[in-house]
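Below is one structure, written out as structure tokens, with a few remarks after it.
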Amino acid sequence: NLVQFSYVITCANHNRRSSLDYADYGCYCGAGGSGTPVDELDRCCKIHDDCYGEAEKQGCYPKMLMYDYYCGSNGPYCRNVKKKCNRKVCDCDVAAAECFARNAYNNANYNIDTKKRCK
């Protein structure tokens, strides 16, 4: 679920950045999404949106499903997740969080005018 996703993000970046920093970033981080991602970090969000979309096509509810994950020294990983939907959502969240941690955060892409820049 979205609360767990925020913890997974914090785990992946080792507490260097709040998950809230990603809630209104670029064209795809946060609610909705359209146009071309503004950078690699925004592309991570588009991939995550697409991953949730695939989960929904499989009959899953990614924004509400709970899953078991572990935050280790190498970052988050899904743990003992046997149900198909829960596993899919956990995999989506961990992949996105790791993608966030790998890519630079550009403050200029926070809270952008999506009507102008996301066409």
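Any Cβ shown, glycine's included, is placed from N, Cα and C.
Record features (Swiss-Prot):
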- His48: active site (ACT_SITE)
- Asp93: active site (ACT_SITE)
- Tyr28, Gly30, Gly32, Asp49: Ca(2+) binding site (BINDING)
- Cys11-Cys71: disulfide bond (DISULFID)
- Cys27-Cys118: disulfide bond (DISULFID)
- Cys29-Cys45: disulfide bond (DISULFID)
- Cys44-Cys99: disulfide bond (DISULFID)
- Cys51-Cys92: disulfide bond (DISULFID)
- Cys60-Cys85: disulfide bond (DISULFID)
- Cys78-Cys90: disulfide bond (DISULFID)
Would you identify the secondary structure of Gly30 (Ca(2+) binding site) according to DSSP, in three states?
coil
For Asp93 (active site), the three-state DSSP class is helix
Counting only residues outside Tyr28, Gly30, Gly32, Asp49 in the same chain, those with C-beta within 8 angstroms of the Ca(2+) site's C-beta centroid are Cys27, Cys29, Ala31, Gly33, Cys45, Lys46
Which one is it: of the recorded positions Tyr28, Gly32, His48, Asp49, whose Cα lies the shortest distance from the Cα of Cys92 (disulfide bond)?
His48
Under a three-state reduction of DSSP output, how is Cys11 (disulfide bond) classified: helix, strand, or coil?
helix
Row Asp93 (active site), column other C-beta within 10 angstroms, all chains, value 28
Tyr28 (Ca(2+) binding site) CB neighbourhood, other CB atoms within 10 A:
26
Least surrounded, by Cβ count within 10 Å, of the binding-site residues Gly30, Gly32 is Gly32
